[in-house]
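> Got these off TrEMBL a minute ago, pasting:
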{"type": "DOMAIN", "residues": "1-85", "note": "domain 'Signal recognition particle SRP54 helical bundle'"}
{"type": "DOMAIN", "residues": "98-295", "note": "domain 'AAA+ ATPase'"}
{"type": "DOMAIN", "residues": "99-296", "note": "domain 'SRP54-type proteins GTP-binding'"}
{"type": "BINDING", "residues": "106-113, 188-192, 248-251", "note": "GTP binding site"}
Amino acid sequence: MSTVLDSLKKLVVDFLRGKDPYEVAVENFIKELQKTLLRADVNVKLVLQLTNSIRERALKEKPPPLVSRNEWFIKIVYDELSNLFGGDVKPQVFPQKTPYIIMLVGVQGSGKTTTAAKIAYFYKRYGYRPCLVCADTYRPAAYDQLSQLSKQIDVPFCGEQKSTDAVNIAKKCTEWCINQNSNIVIIDTAGRHGYGEEEALLKEMQEIAKSVNPDEIMMILDASMGQKAYELALRFHSATPIGSITITKLDGTAKGGGALSAVAATKAIIKFIGVGEKIPEIEVFEPRRFVGRLLGLGDISTLIEKLKSIEHSEEVEKRFAKALSTGKITLADIYLQLQTMRKLGPLAKIVQLIPGLSMMPIDDKQMKITEEKMRKWLAIIDSMTYEELRNPSIIDKNRMVKIAIGSGTTIEDVKELLKYYELVNTMIKNIKRRKTLFKKFGIDLAKISQEQ
Ligand SMILES: Nc1nc2c(ncn2[C@@H]2O[C@H](COP(=O)(O)OP(=O)(O)OP(=O)(O)O)[C@@H](O)[C@H]2O)c(=O)[nH]1
């Protein structure tokens, strides 16, 4: 997959450097994107849907100030491709409770046993105490394989080589692991022969699940299944409400795009992806990060910085809109604003991006803050307690001293930030008052500023 989708990186670079008129360049890009995705086995219907919405947005949307049309187009492609692979989700990989029991299921050869060890290693690196259980009584070599892998990564292992009662082994071994003080138990189960045997697979899953009561049942899917993964993922997703999916062997197939997008279309949670045979070769699957890499956004660092700051400024816009309706701004808003200002420039400039605010007089001089001051103020806000953040009026002399020490700044710096906070608050209140006044006279500021 990586080789096929590698061409996406080239496509992005060529687009950003290209000299063709915008509409022509967009059409060419879309054609190449379609070819690449189809080669990666992504479903034709999904490809058409994706490229239609890219085209529509590309011709309709106006880039925000400071961003060129071509750059904005790449942001659109980035958004839409992320949606194709599952959207903005960040899977919850760290358990909310311990001991946490994960049971792996999947067809034979999908990579279950290897993934069991990979996941154990992943959690071990984050300070958990995983334990591996072999409940595969179907393939005799599975016991030795997992036992050896557990030695390699130095994780406790439990299984019974002679027994054929997978349900009993799973139950007994899970108890054993918990008695060993393990806080994540990973159970490997037997695979079935082919893709036609989902029913037997789901049945066994239900039997073992009944006896060990896992917190999560994870289905392991081989990426080389391509689009066929859709049916299996859909059935699994509807059979278990606590299911997640790991897609293995993404490194070794041209069909990876098909498997990933097909599973994402079922709305199942893809938690991990396997990207190699070695134990550390597993990654948490975050569609946006994944697509960022496919598009080579990591290589175009200035663009990714810009895109990030756009996302930031969208958040600032939202917060300002809320502040305007309530007439009150919080220190958390100021924090985000300071971070954004470091990338986008003075507040006056950011305010111009917000519909309805561009007409407002903002005192640019008062709002100007130096880089050094911003760094200090961010550190100051970082050292405040939640209570102080919510209600800055409680910050007396004593608290100021504590905050200044905690942030490595002076009391004067803390005072200055609080003064700035007051200033922005007054500004927001004034704007709210003006807006209400204008409204009284039937003037819609948002409309006027958009028409400008
Ligand atoms: N390239 C690559 N190979 C992988 C990956 N994950 C697993 N494999 C390989 O896939 C093969 C099958 O993996 P196993 O872990 O034995 O599969 P299994 O699902 O436990 O098999 P059964 O126990 O028969 O159901 C092995 O050769 C693994 O090394 C991956 O992410 N990338």
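Cβ atoms here come from the backbone N, Cα and C positions, even for glycine.
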> Enumerate in sequence order the binding-site residues Gly109, Lys112, Thr189 whose Cβ-atom distance to ligand 1 is under 6 angstroms.
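Only Gly109, Lys112 qualify.
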> Counting other Cβ atoms within 10 Å of each Cβ, which of the binding-site residues Gly106, Gly109, Lys112, Thr189, Leu250 scores lowest?
Gly109
> Please list the DSSP helix, strand and coil residue counts for the domain 'Signal recognition particle SRP54 helical bundle' (1-85).
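So the counts come to 67 helix, 0 strand, 18 coil.
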> Hey, does DSSP put Gly106 (GTP binding site) in a helix, a strand, or just coil?
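The residue in question, Gly106 (GTP binding site), is coil (DSSP, three-state).
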> For Lys112 (GTP binding site), what is the secondary structure state per DSSP, taken as helix, strand or coil?
helix
